Amino acid sequence: MEKLLDTLIENNKVYTKNGKVASYIPELAKAKSEALGICITTLDGEEYCSGECDEKFTIQSISKVITLMLAILDNGKENVFKKVGMEPTADAFNSIINLETKSPQRPLNPMINSGAIATVSLIAGGDGDKIFERILKFTRKITGNPDININEDVYKSEKNTGHRNRALAYFMKSTGVIEGEVEEVLDVYFKQCAIEGTCKDIARVGAVLANNGVLPWNGERVVPAYVARIVKTIMVTCGMYDASGDTAVKIGIPCKSGVGGGILAAVPMRMGIGVFGPALDIKGNSIAGVKILEELSKELDLSIF
Ligand code: GLU
């Protein structure tokens, strides 16, 4: 397996040159655009890694998978999907247009920015700091890594420049999707995006989803199987922004990417995969990361379809 991963890194490194690191959050522009790493965690506890798999990056939108699990746990699926839809979008991840034009006026799904901001507003736990503490604690549990924390510089950078997200949140406050205090909700959202991890950490989250909500390393159930199933389904239909259909056809695995360059993938009953390559394509997905997953899926016959 390790040999296969080394070959995949070697074959696909060249694609990093065709992408660009995200720069709309100034701090993200500092990422090494040629970096590429992969890690696989199987359900029987094996871990295989290659490339820059110990490099830390902010998980950004991958955190949307984590907060969706908590929101469903706290509210039940009916209440969550009253506020946020479950339909894919053909627009960019930070688009505002559907919030006004679609009826009912709610975000299309929890994997785009508007939907994730609405989702985090539903998480229980008290004030913003306490809610974020819960998110962090849960993230540490499902990565099996007690050292997970946020990257303060990325958090501040996004908080200072995240005006588009502010616009989305205030719009949703005006339509009643967000009931709480907008700046507090946004602060939690900016922090969840700045959670820092490695390919290994996100591969473990993928393995928990692949294992239907049970930590493969100790058998502890962290979410009911139906929650893991909903999250994996929404990852297939909405997890790769407006390239989700393309990903479903070419890779055929539930995936969620983030503009920090990470991609989390969960192959049901088989493995979790974490990929890191900060050079992005125009849709915001890791350009070499997508290629690597495509080749890996073919090699190991991982498509669920
Ligand atoms: N923090 C990023 C934003 O809100 C997350 C976007 C992403 O990874 O898709 O713009």
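Each Cβ is built from the backbone N, Cα and C atoms, and glycine gets one as well.
Curation does not apply to TrEMBL; its annotations are automatic.
Together with Ser61, Asn113, Asn165, Tyr189, Tyr241, Val259, the substrate site in TrEMBL holds one more listed residue from Glu52, Glu158, Glu181, which is Glu158. Listed in sequence order, the binding-site residues among Asn165, Tyr189, Tyr241, Val259 whose CB lies under 6 angstroms from an atom of ligand 1 come out as Asn165, Val259.
Ser61 (substrate binding site): 25 other CB atoms within 10 A of its CB, across all protein chains. Across the binding-site residues listed here (Tyr189, Tyr241), the residue whose Cβ sits among the most other Cβ atoms within 10 Å is Tyr189.
Listed in sequence order, Ala22, Ile25, Leu28, Gln60, Ser61, Phe93, Leu280, Gly284 are the same-chain residues at least 6 apart in sequence whose CB falls under 8 Å from the CB of Val259 (substrate binding site). Over all protein chains present, the Cβ of Asn113 (substrate binding site) has 22 other Cβ atoms lying within 10 Å.
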